[in-house]
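So the structure is just underneath, and the comments pick up after that.
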Amino acid sequence: MGEAVLGAFLSVLLEKLAHREVLDYFGRLKGVNTKVLEKWTTTLTAIDAVLNDAEEKQLTDKGVKLWLDDLRDLAYDVEDLLDIFATKMLQRRIERQQGITSKSWFNSISKPTFNFSVNSEIKKMTDRLEEISIREKKFGLKKLGVSTKPWKMPQSISQLDGPVIGRDEEKKKIVDELLSKEEPCTSNFQNFQVM
């Protein structure tokens with residue numbers, strides 16, 4: 001995922017984290033402090049602000065490239081967790097519409113195995129986010145509004161060093177045929193293959 005896309009993805013992720021139902025859901029989980037979401041939001045917002053600088057520096061610094069890869073992986077994992085929450089919230093809405101009591105909803109999120117699994121994932125993600133934030137500070141990434149350097153195509157081994165030899169004679173013949181003022185003759189029709 002390019003960093004422009006990663007930035008857009010982080011923005012969507014931040015919107016999901018701020019959603020009232022997600023906050024309510026977090027609040028109902030045993031052992032989960034809703035301040036975790038606030039911390040995630042604050043840290044991701046700070047990281048989002050330095051993505052332009054990271055995009056420039058990744059071309060020359062492999063550490064920044066690895067940092068961006070780790071950030072991308074974490075963003076996917078957070079989204080997966082939020083998708084689990086969204087699924088549970090949808091189940092809750094369906095249960096409400098079908099007249100199933102709120103007690104069964106609360107019991108489904110109060111199961112020890114579910115809580116342990118979610119709490120464990122939240123803890124892992126929080127630790128990873130803290131580690132990514134610490135690494136970001138070590139790189140000295142700056143908040144940039146827009147890229148300060150014009151984008152250039154990175155050099156690759158597929159670029160040719162020598163002259164390109166083409167089919168100039170065939171090209172000239174085709175152009176001459178097409179531009180000739182002779183009337184087209186249906187009995188002398190020719191096909192030209194252009195490659």
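Keep in mind that glycine also has a Cβ here, set from the backbone N, Cα and C atoms.
Positions annotated as domain 'Disease resistance N-terminal' by TrEMBL: 9-97.
Regional average pLDDT for the domain 'Disease resistance N-terminal' (9-97) in the model is 84. In terms of DSSP helix, strand and coil, the domain 'Disease resistance N-terminal' (9-97) has 77 helix, 0 strand, 12 coil.
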